[in-house]
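See structure below.
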Amino acid sequence: MRDVHGSLKYFSSVAEDMNPSDVFQIIEGHTKLMRDSIPLIASENLTSLSVRRCYVSDLGHRYAEGRVGERFYEGCKYVDQIESMAIELTRKIFEAEHANVQPISGVVANLAAFFALTNVGDTIMSISVPCGGHISHDRVSAAGLRGLRVIHYPFNSEEMSVDVDETRKVAERERPKLFILGSSLILFRQPVKEIREIADEIGAYVMYDASHVLGLIAGKAFQNPLKEGADVMTGSTHKTFFGPQRAIIASRKELAEKVDRAVFPGVVSNHHLNTLAGYVVAAMEMLEFGEDYAKQVVRNAKALAEELYSLGYKVLGEKRGFTETHQVAVDVREFGGGERVAKVLENAGIILNKNLLPWDSLEKTANPSGIRIGVQEVTRIGMKEEEMRAIAEIMDAAIKEKKSVDELRNEVKELKERFNVIKYSFDESEAYHFPDLR
């Protein structure tokens, strides 16, 4: 049996020796790691200095329960101004009839949407996790918390897309209340218009989780689900949308009251006012620079995919041009699987993640067939197609062990040191920097 009391005594003694400088030292180590690495995690990005200024403001100490003009706390007149700006910017950017900017994460936004659109016991249809779906769309996460029955779309792994004809057959039989589109692994536009038609035939809603492609939608480089028939669009604001880690919900005006009540008092109380202000600044940056940024993101992803393919890798989506987003997916089974390849690349200074692919079972989560690559962060620091080809060459050398780890790390560091300034922003500040505020 584990000695709980002994463990507590050990950690208590360690805690006595801790001080804030220990934390700062760890953060500095992490910052250096990111500065010297090539970050290709598809769900991360960098915020500008203007956005980060908001994080350390007094807003981070405050609460503002309720809606604009209808708060349960006093002292919120400036908060109301900020939230009003956030709502109007969101509506403008996404051409939305209604927007709620209070969700503090993508999963929270999805949970709110489930509360707004479904009842306990309803059936929903989503993309399975191996085919790219997010865990919050499934029984193990938000959908399960709402008490929903989850069925999965028939999926064409060669096209990396929902099979619409087969979906119609399943939908006529199962009668889902809600169709969810949008993915964690997403390479191409999804059939929103076609699913809208099916939904209308059986009286269902359509929801699109745009977390990964929100910035591409804002930059007009990807489909706008709201314009193609989605009732609700959720999305986290820190992936291709280069803002703080929080989320938005955009919807048809007829659903405004349902959405707002599902958010508060449903799943959000305080909504982190400092990052809300940061979102406003990021949205302004997106209006100013988003189109150029989004187009370059897609160009970079295509360039990386094409170079990896030319080096002999099994890049998914070949028949459709590999990708239309920030992501590239590669089948690396012949090189030991996603676990081995992700670790080898991390040792070389390239940071990405292993990923299930459509033919994998959930039992393969520990060592799936693939890796997922995202270029949105390296694009924000100014990298373009030439650098994508260089990254592919380094990846190839690491995976096939053509060079030593030290040689590879030096190549990564030499490439990265030319890119340490945030672009597509009002202030071109240092990208990887832990400020001393004393």
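Just so it is clear, glycine is given a Cβ too, placed from its N, Cα and C backbone atoms.
For reference, Swiss-Prot has these:
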BINDING   Gly133, His134, Ile135  (6S)-5,6,7,8-tetrahydrofolate binding site
SITE      His238  site 'Plays an important role in substrate specificity'
MOD_RES   Lys239  N6-(pyridoxal phosphate)lysine
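Overlay of Swiss-Prot feature records on the structure.
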| residue | record | CB count, 10 Å |
| --- | --- | --- |
| Gly133 | (6S)-5,6,7,8-tetrahydrofolate binding site | 25 |
| His134 | (6S)-5,6,7,8-tetrahydrofolate binding site | 25 |
| Ile135 | (6S)-5,6,7,8-tetrahydrofolate binding site | 15 |
| His238 | site 'Plays an important role in substrate specificity' | 27 |
| Lys239 | N6-(pyridoxal phosphate)lysine | 27 |
Non-site residues, in chain order, whose CB comes within 8 A of the mean position of the CB atoms of Gly133, His134, Ile135 at (6S)-5,6,7,8-tetrahydrofolate: Ser126, Ile127, Val129, Gly132, Ser136, His137, Asp138, Ser141, Ser183, Ser184
For Ile135 ((6S)-5,6,7,8-tetrahydrofolate binding site), the three-state class that DSSP assigns: helix
Rounded Cα separation (Å) that holds between Gly133 ((6S)-5,6,7,8-tetrahydrofolate binding site) and the residue listed as 'N6-(pyridoxal phosphate)lysine': 16
Cα-Cα distance linking His238 (site 'Plays an important role in substrate specificity') and His134 ((6S)-5,6,7,8-tetrahydrofolate binding site), given in Å to the nearest integer: 16
